[in-house]
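Inspection log for the structure reproduced underneath, given as structure tokens.
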Amino acid sequence: MRTIDWRGDHVVIIDQTRLPHELVQAELRTVPELVEAIRSLAVRGAPALGVAGALGVALAAVTTPERIAEAAVAVRGARPTAVNLAWGVDRVLARLPEGPAAVVVEAVEVLEEDARLNRALGSRGASWLLERLPSPVNALTHCNAGALACVEWGTALGVLRSLHERQALGHVYADETRPLLQGVRITAWELAGMEVPHTVVVDSAGPSVIANGLVGAVVVGADRIAANGDVVNKVGTYPLALAAARAGIPFVVAAPESTIDMGTPDGRGVPIEVRSADEVLTWRGQRIAPAATQALNYAFDITPADLVSAIVTEARVLEPAAGRGPGDPA
Ligand code: MRU
């Protein structure tokens, strides 16, 4: 079952708010339904958001063709940080002069491309790690950069999946990923499905897992990579990069080329989503903090390029910490 798919005149997604208890699909038949699914993280993860952006324009083309431009603005603005969302919208919108049918064809191509390229990315990342680390590789990951963050296969988890295919994956540590728990709910669900031995730790324990020598590498995804190689990913990624540098182990970012934003010189230019304080201050609908307490709910953080050992895409491996970032001469 794909994370997100096109059914001729509507979008179907796996509703990730219901995992791991229920594996259910949701049909999205209007642009507002799609926008709400993005905002509520029913569909999430940068590559899946790129596809959602593309399919959002296709949905507008078949449901409200007279209001495609307006719909594109709404989809583009549903979440600010993952550049893939705007990239997917813009790529499909560029075909609009050829008519609504061309828009749908392009959106479906974005979908199919994502499924293809993640396998290439995963294999390249696995090879990069095996050139540097003994097999089997133990790794730490954060949030969910798996099949459920893409159409299928995954980016960071796609690298681990490729290692597993080669029988070169040992134990995986997954941060739980407060406050929406993508690690313990979704990554752990994927690892269990792959029959990979895995352990969940609270986010603040991630650096200790590294310092204690339990893993040979940190492998994460990205929502946006700036031209200088700064990496924006789920909040809690930056401390892992600091700990990896201190321990002398590789900090690897796996992401498609569409996540690299050459229009943003460095991480400071990336809009960081700040989500509702309620996500932090309540638990299962119950407030857990005093009434006067506020929360600052950053959804993402910025890892400086000099802490990033490798950025693995479907096309290449960049090594920002060694001065070979996206904007550096090849
Ligand atoms: O808020 P989310 O769950 O959409 O955040 C997702 C992440 O931070 C992922 O690591 C990133 O999008 C890469 S997914 C391949």
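Even glycines carry a Cβ here, placed using N, Cα and C.
TrEMBL does not curate its annotations; it predicts them automatically.
Summarising the annotation, TrEMBL assigns active site, proton donor to Asp223. Over all protein chains present, the Cβ of Asp223 (active site, proton donor) has 31 other Cβ atoms lying within 10 Å. For the recorded site, Asp223 (active site, proton donor), the DSSP three-state label reads coil.
DSSP classifies Arg44 (substrate binding site) as coil under the three-state reduction. Taken from TrEMBL, the feature substrate binding site applies to Arg44, Gly45, Ala46, Arg79, Gln182, Asn233, Lys234.
Counting only residues at least six positions away in the same chain, the Cβ atoms of Asp175, Thr177, Gln182, Gly183, Thr187, Val220, Gly221, Asn233, Lys234, Gly236, Thr237 sit under 8 Å from the Cβ of Cys143 (site 'Transition state stabilizer'). Here TrEMBL flags Cys143 as site 'Transition state stabilizer'.
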Whole-number Å distance between the CA of Gly45 (substrate binding site) and the CA of Asp223 (active site, proton donor)?
7
In which DSSP state, out of helix, strand and coil, do we find Arg79 (substrate binding site)?
coil
Site extent for substrate, whole Å (max Cα pair distance, Arg44, Gly45, Ala46, Arg79, Gln182, Asn233, Lys234):
17
Between the Cα atoms of Asp223 (active site, proton donor) and Ala46 (substrate binding site), what distance do you get, rounded to the nearest Å?
5
Other C-beta atoms that fall within 10 angstroms of the C-beta of Arg79 (substrate binding site):
23
For the substrate site (Arg44, Gly45, Ala46, Arg79, Gln182, Asn233, Lys234), what does the 8 A shell look like? I mean other same-chain residues with CB within 8 A of the CB centroid.
Leu49, Ala82, Cys143, Asn144, Ala145, Ala149, Gly221, Asp223, Phe300
